[in-house]
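To start, the structure itself, in structure tokens.
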Amino acid sequence: MRIAVLGGGAWGTTLADLAAAQDHQVRVWSRSGALALGEVLAQAEAVFSCLPMAAVAGVIDQVIALGLPAGVIVVNATKGLDRRTARPASSLWQARFADHPLVVLSGPNLAAEIRAGLPAATVVASADGQAAGRIQQCLASERFRVYTSADWRGVELGGVLKNVIAIAAGVSDGLGLGANAKAALITRGLAEMIRVGTHWGGLAETFYGLSGLGDLLTTCNSPLSRNYQVGFGLGKGQSLEAVLERLEGTAEGVATAAILAEYAQRSALEVPITDQICAVLGGLRPPTEALAALMTRRLREEDGG
């Protein structure tokens, strides 16, 4: 299979390596790379979008200008929300390439661990089962297990929404709040993800799988996670600017928190953890006050959402 990977960051190069290891022909495009976008797209049978969310719309415009032949599979591996529409990256691709098969790839996939040869699993989801199956076969190996799903909305939203909860988990660890508090935070974070995800058309059960709970557990517990690193630094009293300056790559949860909080307010959608993390990121509330605000919310019966 001839594959074009858009984005030369850690995740893009990792996916390129996984596909190349299965004897597929892979070309990678990045803004600083040697290959032009047209060269990378030429004769591609699948295009993997591994771009930072902020770059997606602009690159789509470039791909439109160059043209993409019918039948080319578009694979979205970006985990973020668009500032203008408050929609995930796949929605941008779908709007401009409605006649192309769309596949979403998401799961508990820390690029550094995969590059080190450690085992991992992921999900490729699509309304087009044949397209999902082709991408599954393209990437699967003895160290990278790939599942398919028809719930592409739920699979993508799990990866997007968990970034905000990972920041919260990092704050909790930075403050030294202990295992009890972190367990409560992750559990209620999952409930918040399900509430938002089902509002946007995902299936609740999808969030208990690899792309939801699996990705959530990984990013909330690993210092390799950029979103966790942001939260941990804030919990230690560092400024957001200082944390981001040291960060390698993009912590999508920072932008996602602000976009989601604004959307939720307009839509009367309850997102208490996101609201508090947004306040901390914006310097409106110190982490200890955000914790107190969560702990003193109205008492209620536990539910899954």
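Using the three backbone atoms N, Cα and C, a Cβ is placed for every residue, glycine included.
Record note: Swiss-Prot gives Lys79, Gly107, Lys162, Ser225, Arg226, Asn227 as sn-glycerol 3-phosphate-binding, and the candidate from Asp151, Asp215 in that site is Asp215.
Once the Cα atoms of Lys79, Gly107, Lys162, Asp215, Ser225, Arg226, Asn227, the listed binders of sn-glycerol 3-phosphate, are compared pairwise, the greatest separation found is 15 Å. Cα-Cα distance from Arg31 (NADPH binding site) to Asn227 (sn-glycerol 3-phosphate binding site): 24 Å (rounded to the nearest whole number).
Between Lys162 (sn-glycerol 3-phosphate binding site) and Trp11 (NADPH binding site), the C-alpha separation comes to 17 Å. Taking every protein chain shown into account, Arg31, Lys79, Lys162, Arg226 are the binding-site residues, and of these the Cβ with the most other Cβ atoms within 10 Å belongs to Lys162. Maximum C-alpha to C-alpha distance over the listed NADPH-binding residues Trp11, Arg31, Lys79, Ala111, Arg226, Glu252 is 22 Å.
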